[in-house]
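K.L.:
So that we are looking at the same thing, I have put the structure below in structure tokens.
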Amino acid sequence: MQITILGSGVIGVTTAYYLAKLGHEVTVVDREEGPALETSFANAGQVSPGYASPWAAPGIPFKAAKWLFQKHAPLVLRPTCDPVQYSWLLQMLANCTDSRYKVNKTRMVRVAEYARDCLVDLRKETGIEYDQRMQGTLQLFREQYQLDGIGKDIEVLRQDGVPFEVLDREGCAKVEPALARVKDKFVGGLRLPHDETGDCFKFTNALAKIAEGLGVKFRFGVNIKSLLMSGGKVSGVETSEGVLTADRYVVALGSYTPALVKSLGLNAPIYPVKGYSITAPIVDEDRAPVSTVLDESYKIAITRLGDRIRVGGMAEVSGFTTDLPAARRATLDLSVTDLFPGGDLKAATFWSGLRPMTPDSTPIIGATRYDNVFINAGHGTLGWTMSCGSGKLLADLISGNKPDIRADDLGISRYE
């Protein structure tokens, strides 16, 4: 079949790769001048299935209210005049119950674990390089109450068979030696030894080249305007370079997915949650991380990417703005300087991206009520983690193959 994929982030490119492997003729369309130049460009860098947890969780409403008054809050809410923002927030609050949290986390871990396995297989098949490290990730707790409160997460990890280690200060310093100098800054950690790290931008660009070798065509610098309907199905995509037609269409536009599919009467409750990152060259190896360390207090990930440190995180609900406030940079600087002062922050680059978040934190992967339209979007903070699994899963669904994991609860139908 001829398949057009809208979006060349890590989700769009992985989907293209797996569809091409199954023999389809694939074209990827994007407004940017190359792959992974928006949300996939400078994310935190971890591939962390075990940390696949919903933002909508019990206690979050109370925490969010408290964070409103903190200088270095991990969550910032900036109200807009957009009613979609309020609708999305209300749906998110409805998912902040124990029962919904368990359902959503189980779905997320299922996709994320599968995606990690797909990434391992892809790496073996292609030899792809992207500053990857397979040395686990460490969630670091500065306060005892944080460490005491991981019971629900551990319960789900056990149920899903995800290996983990609860570490004291000495254990944390053993896996991340630079922490030995700052043991007074934390009380313990939760380590997931099977998690990985890597540069999502490098991966996406390398995979795009591999996909081109399989026949995938990329059309960059093309603005996507609308989906055209005829005879009860989509007949084409109106773009700045004319109408593009195919047998099947995949919408992988992240936060911009809802606007495109709204004309089809589809409700995709994906809203942008802005994240920030800085990337600094390493100047002191002894004070740099080995892998990824998640600073639980600030919701920030500090990751080793080759000879660089990537510091990313936080969440800002403020619409589609991509500005770079100095206060957000200050929070990133504070976290990394406190724990891993091995990077040259004066030479760091500062970036922001719009994470496409659903109210239940679970991505939308699968068919729509239109036979020839599919969605692969809404991965939130886990687009990199879930990318390979999401791409392979959707490629199988489009091709009529039985998927390797359960997929019936991942589609857009759960919102209709």
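Cβ atoms are placed via backbone N, Cα and C, with glycine included.
Annotation source Swiss-Prot lists FAD binding site at 3-17, citing sequence analysis.
Just tell me what is around each of these and how deep it sits.
P.N.:
In sequence order, I5, V250, A252, N376, S390, G391, L394, A395 constitute the residues six or more apart from T15 (FAD binding site) in its chain with CB-CB distances below 8 Å. DSSP classifies T15 (FAD binding site) as helix under the three-state reduction.
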K.L.:
Let's check the environment of I11 (FAD binding site): how many other CB atoms sit within 10 Å of its CB?
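P.N.:
Excluding its own Cβ, the number within 10 Å is 32.
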K.L.:
Under 8 Å Cβ-Cβ from V13 (FAD binding site), six or more apart in the same chain: what's there?
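P.N.:
Counting only residues 6 or more apart in sequence, the Cβ neighbours of V13 (FAD binding site) under 8 Å are V28, P35, A36, T204, L207, A208, A211, G391.
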